[in-house]
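Enquirer: Positions annotated as transmembrane segment by TrEMBL: 28-50, 62-81, 93-122, 143-168, 200-221, 242-262, 277-294. Residues or ranges marked as domain 'G-protein coupled receptors family 1 profile' in TrEMBL: 43-292.
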Amino acid sequence: MAAALGNQSSLSSFILAGLFSHSPYGSFFFSLVLLAFGVAVVGNILLLMLIQADRRLHTPMYFFLSQLSVMDLTMTCTVVPKMATDFLSGGKLISLGGCASQIFLVVTVGGAECFLLAVMAYDRYMAVCHPLRYPMLMNWKACSFLAMASWMGGMVDSVIDVGVVFSFPYCGSLEVDHFFCEVPALLRLSCADTSLFEDLIYACCVVMLLLPLGIIVASYARVLTTVMKMPSTEGKQKALTTCSSHLAVVGLYYGGAIFSYMQRASARTPLGDRAPSIFYTIVTPMFNPLIYSLRNREVTSALKKMLERWGL
């Protein structure tokens, strides 16, 4: 990556157009983004604290949920603070290193979250469909390996993306028509032919998005079949509540990611890139802790216990 950045000796910074540059209601939308950012940060940190503090939440499902919260925090904190600083100060410059860091972190977390959501679906499949074998198969060693593999999968993809993106020459306008450094937005500025790399990105996205999504769909199809056969109404309701929360998160994340990355370069527009990016960098990190806490009795019980301990 360092070698690739070194090739751009004359390039020191890019200009970020921002999220509100084309809107007369920039201050209002900025307030909404700050509110969403605050909810995302507080919600995910609180969820991490609850999982750490309550022994009842020391299970594989909540271990993976804690990883999801770390990913959401990383994603939103990589993008929103820089965007907010630029909006308030009027500055739009981002250094080459800052741009590379944004791409690296966003792609790492984005890829890791794709894999993690598939792992979480597999975890629910094992818990519901094979409850007797579940403690043995989903032990802490297996859970740690699956979480680490998710992070590494995203990291490998991001290293390749950063290395290739900054190997291209940028000799025209350096204004990125986006609110953060995203690969498709940067490739538009290159004065070289990037079509081969764009096709490679498309192929990688098919694998990194559709393969995990296939695992998720197959896992929940089996889960739903098993749940419908359960004699206990309470057990059936608990399983459906947990799985529906996960499916809501999957729908939010994959909806934005598929729309953003699984388009041919010829079909992309700056506005079309910004809209779905808002979902997976701001909206999804805000909703994830809310979905899992409001629809989960164990989390709400742990929250009440913590509030009582604090005298609230």
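Cβ coordinates are placed from backbone N, Cα and C, and glycine is handled just like the others.
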Enquirer: Would you call the transmembrane segment (277-294) and the transmembrane segment (28-50) in contact, using three or more Cβ pairs under 8 Å, pairs 6 or more apart in sequence?
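Expert: The answer is yes, given that the two segments have at least 3 Cβ pairs within the 8 Å cut-off.
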Enquirer: Check the transmembrane segment (242-262) against each of 62-81, 143-168, 200-221 and return whichever range has the most CB pairs under 8 Å.
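Expert: If we count Cβ pairs closer than 8 Å to the transmembrane segment (242-262), 200-221 scores highest.
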Enquirer: Which sequence-distant residues neighbour the transmembrane segment (62-81)? Criterion: at least 6 residues beyond either end, Cβ under 8 Å.
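Expert: Tertiary neighbours of the transmembrane segment (62-81) are 33-34, 37, 40-41, 44-45, 47-48, 51-52, 101-102, 105-106, 109-110, 112-113, 116-117, 119-120, 123, 140, 143, 146-147, 150, 179-180, 249, 280-282, 284-286, 288-289, 292.
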